[in-house]
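See structure below.
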């Protein structure tokens, strides 16, 4: 049995109670869950929405095409409005501000004091004790001479201290970029058979990485780096860390003939195939120092005040192992050998921009440039948020890019902000980028006077240092959190992880980027759409799947669109609304309620719409009209309303089918349900 109630000339069908039930019970909506006991509103009790004052949907201020385009481009490329500080300033002041903008050292340098210098001096010397052994180790990871790692810890930090906006970032070589460069270049050129050509390709790749990074910053295209989602980076970094660690089995076991492939299966096959080359002296020393380094890392992790233990452990291990190697002078333990003294020699003449390897250097430069930018900016923003200051992403890209371009001309390879060194820098109490200058000075002293001391440094200790540094990149807790929060993100994480582990680092990176783009496309082409109902005690319409107490208004289908409407999802919008309509009509038929006579599209979450989206709305209206169902729109944002009224869609809907809110659309009687 159906009772037809009329309120203010609007007709609504409400299911009547069984015989014998009270009239009050007849007018009540279904009992909400125990967590919400608010009484039903007038709309649900009487079968109709309360009459509300209807507000007109306003259009934004009319703008010329040039002005609209200018404002849009400003939002895309200059969201931070960097020119705001120059307004209403004298010419001299503008010059000072410009210097401070492009060279942040002028901003904080004017207020520098001996107290800050004392803190930066301690921090700089502390990270130098970590940077020196890591620089040598990471250079070998990139198949470069160990001295290149020290060169890369001298010039780039000096340049960054002038151009960088982060106070805590400690600059130098990093493991992942070193691994990617080494694996990509080694596929084409052997570093053992053609060391000069390999060195040329490494410097040229570094130059292209710098050009790519600086261009992104200069053109304000930093958002491109964000296409690597955190989920895919977690998987990629974890897989790369395992590959890096497995590669160090060559040094830990003393194997001479080792595979040049990076895959997990190839590496493990090579390890067991060459078991006759294992050296017990090397294994003993490597295992002992690896255990000590991991132990010191654990101690500092549990008690951050003891950061100096893990920071000084690598250099201490190098010193002790070098002394032991010198005393034993065993031929079974391979050593670094002679390292040349002196500062970085110029390498601009080694850059090559022609020949058959140009494409390889460009590809390697872009790959390593993206990875180093992602790591450097993420680390800088992390510590900036801790210390409550801002880091300009585009300025950081320019600083890192110029740093690598200059470094490629001074015998350096790709460098960026390292998380491990930056964490030590922060824990040691750094205040400004002067800590990078102090670190560079310590590296300079090492280059000029201490190189002979590294002659007997065992390669096995470098392998132990690398493993200790990269083990922190394996984020098991982060992966478990992804599984708990978002299964799709977890699958993306595992795909990138397995791509690196089982195929190659390049394939893993390609999978990571591909999955990130696929996820964006999936969200754009299949936007979230929900059926909404009236929440008792309010005039708000919310998703009936999220709010179980939300009540559907009879004869109305309220659909919320939670995405911009573009050409990529416009047809899906039509199809999804028709599916909702089919499901709601089947539900109404089973409940013996009146069929749907009006569809209300809640446009409050639609941030933008293009011509294909407007055409889809017109198409949907025509399809529904053939079924005697009205279509009205509620709460379109300014840009959407503007485009609608600038097109034929505005005339098609008219002001009588465009409402300020869903509640007003229902209350005003724009769609009258037929008995």
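The backbone N, Cα and C atoms fix where each Cβ goes, and this holds for glycine too.
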Ranges in play 278-295, 386-403, 404-421, with TrEMBL marking transmembrane segment at 278-295
Among 433-454, 521-542, 587-608, 609-630, TrEMBL lists transmembrane segment at 433-454
Which range is transmembrane segment per TrEMBL? Of 307-328, 637-658, it is 307-328
Expected hit for transmembrane segment in TrEMBL across 125-143, 144-162 is 144-162
Per DSSP, the domain 'STAS' (546-669) contains 59 helix, 21 strand, 44 coil
The recorded stretch from 197-219, 307-328, 348-373, 490-518, 553-574 sharing the largest number of CB pairs under 8 A with the transmembrane segment (144-162) is 197-219
For the transmembrane segment (460-478), the candidate among 197-219, 231-258, 278-295, 348-373, 490-518 having the most Cβ pairs under 8 Å is 231-258
With the greatest number of Cβ pairs under 8 Å to the transmembrane segment (197-219), the stretch among 231-258, 307-328, 348-373, 490-518, 553-574 is 348-373
The predicted model's mean pLDDT over the domain 'STAS' (546-669) is 89
Under 8 Å Cβ-Cβ from the transmembrane segment (307-328), and at least six residues away from its ends along the same chain, one finds 126-127, 129-130, 132-134, 281, 285, 289, 292-293, 296-297, 299-301, 335, 423-424, 427-428, 453-454, 456-458, 460-461, 464-465, 468
